[in-house]
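Asker: So TrEMBL says this about it:
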BINDING   Gln107, Lys123, Thr222, Leu223, Trp224, Leu225, Glu294, Asp309  ATP binding site
BINDING   Asp142, Asp309  Mn(2+) binding site
DOMAIN    188-397  domain 'FAM20 C-terminal'
ACT_SITE  Asp289  active site
Amino acid sequence: MKLKQRVVLLAILLVIFIFTKVFLLDNLDTSAANREDQRSFQRMMGSLRVELDPRLEHTLQSPWEIAAQWVVPREVYPEETPELGAVMHAMITKKIIKADVGYKGTQLKALLILEGGQKVVFKPKRYARDYVVEGEPYAGYDRHNAEVAAFHLDRILGFRRAPLVVGRFVNLRTEIKPVATEQLLGTFMAVGNNTCFYGKCYYCRETEPACADGDVMEGSVTLWLPDVWPLQKHRHPWGRTYREGKLARWEYDESYCDAVKKTSPYDSGPRLLDIIDTAIFDYLIGNADRHHYESFQDDEGASMLILLDNAKSFGNPALDERSILAPLYQCCIIRVSTWNRLNYLKNGVLKSALKTALSHDPISPVLSDPHLDALDQRLLGILATVKQCTDQFGPDVVLVEDRMTLSHL
């Protein structure tokens, strides 16, 4: 063989070797990532049921200090939280030392200060578990049980972007009224033998109070995020107009996602993938009301989209509002880790996992069976949507690697 031919042959063999090595390394990396996803899923499944135990591993810290230390730019709480039960136990049992009207918003809520200075948001029960909210997908009052269920779904999906929520019964006469501000106290009233209040908010009306069963009111308490992590509010790019007959651009422009990708903070960083994760989360819970969202302040698009205010969810189990998935089917991208987690939750695993996670809660049963069944049905719709995308564009385009190493110091 001539020297020139040998050089050409060696060059070809070298190229083949390099491509083979790169291919093998890519496969090894993907396989390792997939194995870690599987291990993460198994860890989550093993810790579904949270024991509400007041004991803390870090005895020199309060539960509030521990929860505050969990918060980092990409998580509200870490994957492994042995103290989660103790923090939630404190949210249920700590004495209420002050009660005030809720922070600004459209729906009735109260701001409570618990012993130790921890703020929580209390949302009262407005509906029975089997009540079906008719009308638009964002219709009706806030559902306190939806906040509880959404938090545990956040755990199951592995997002860890929702503040801690737990159910709690409060005695309005003995626990709230003695420590209530004049502003809140002025909204209390009696309806028959029941103590009620209507609070202060955009839609709060004296004619539409929330009423206890006698003096005892069922509700949810959401842990306030630490003040050292101020929030920044953003208009959701797939928000609705809330005006009859007026469509938002995304509702008629098939190329809308291309325009979103050219605007900050969606043109780089994790925010667009967070939007798509959130669309999946909202579709599962039936939340079509995320017109705005919050992130941590001055983050330049690097911090997570925080899953706050999930109470306009679980209203109608028979309604699958596909438009909630618009970010997914218009952009046709999804995190590989999210895709893996969704596949692990097929075949009834999601319903079973959420039912187990909710069984510990003081207001259990948190969801009716039709709502639990709807989760599995909606999961099939998400998987089918991703398959349509991969059929059209290929998995290499649709399935995006976006794994971030997180630390809790």
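In case you wondered, yes, glycine gets a Cβ from its N, Cα and C as well.
Caution: TrEMBL annotation is automatic and unverified by curators.
Provide an account of the burial state, proximal residues and distances for the features listed.
Answerer: In the structure as shown, the Cβ atom of Gln107 (ATP binding site) sits within 10 Å of 18 other Cβ atoms.
Using a 10 Å Cβ-Cβ cutoff, Asp309 (ATP binding site) registers 25 neighbours.
Cβ environment of Asp289 (active site): Pro137, Tyr138, Lys312 lie under 8 Å away, each six or more residues apart in the same chain.
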Asker: Could you check the binding-site residues Leu223, Leu225 and say which one's CB has the most other CB atoms within 10 Å?
Answerer: Leu223
Asker: Out of the binding-site residues listed (Lys123, Leu225, Glu294, Asp309), which are within 10 Å of Asp142 (Mn(2+) binding site), Cα to Cα?
Answerer: Lys123, Asp309
